[in-house]
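Some features that Swiss-Prot has for this protein:
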- Gly10, Pro11, Ala12, Ala13, Ser14, Gly15, Lys16, Gly17, Thr18: ATP binding site (BINDING)
Amino acid sequence: MNPFVIAIDGPAASGKGTLARKIAAHYHFHHLDTGLTYRSVAHALLQQGLTCDDETSAIAHAKKLDLNILNPNLLNAHEIGEAASKIATIPAVRKILVAKQRDFIKIPPGSVLDGRDIGTVVCPDADIKFYIVANIQTRAKRRYQEILKRGRHADYQKILADLKQRDERDMTRQQSPLKSAENAHLLDTSELSIEEAFAAACTLIDPLIKARAAL
């Protein structure tokens, strides 16, 4: 029997990462924030003083990437996120990282992956898919508060503008644009607490887990 796979997609700061971590912990599944794979490649390039359009170097770093040593605290800087969004437009890099992500879902007993193309490209046959949304003002406020909690300066208007640009780039890129899978459950977290979003997701996941266990 194949491991159970939960795919979670959505735009930046929609709450998908927090939800994915909580779901993975609850069901004792493995979790992968696929955005960190692109951030890791971007970070490696920036550390070497290279630009994000250096495809040869980006491909080399993607090939060397070890999913077991991704460090969220090191990779959560805003500038790395912006660079990662550009890295994600390089077809050869996406191909390499998607292959690594697909290997990850083979690990039992199951996994939760969050990103922007999980349900559509990485795991089209996932047992259940979610597409997480929230209005852009709520998302900007969340990102603003996240940055402040890290003790860094934050500019709400700049964050709002950056999110709009990020959405445009993610949704219109040629390779794996951000969009909901046709069979994904839409979950709007604009007015939901993390506990409410988690409860809503579990209501849909639980019957599938129980059905799998009964086989």
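Using the three backbone atoms N, Cα and C, a Cβ is placed for every residue, glycine included.
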Query raised in the report: Which chain neighbours of the ATP site, leaving out Gly10, Pro11, Ala12, Ala13, Ser14, Gly15, Lys16, Gly17, Thr18, have a Cβ atom within 8 Å of the mean position of the site's Cβ atoms?
Result: Leu19, Asp114, Ile132, Ala134, Arg139, Thr189
Report task. Check each residue in the chain of Ser14 (ATP binding site) that is at least six apart in sequence and keep those whose C-beta is under 8 Å from its C-beta; list them in sequence order. Result -> Ile132, Val133, Ala134, Arg139, Thr189
Query - Count of other CB atoms lying within 10 Å of the CB belonging to Gly10 (ATP binding site) - result: 27
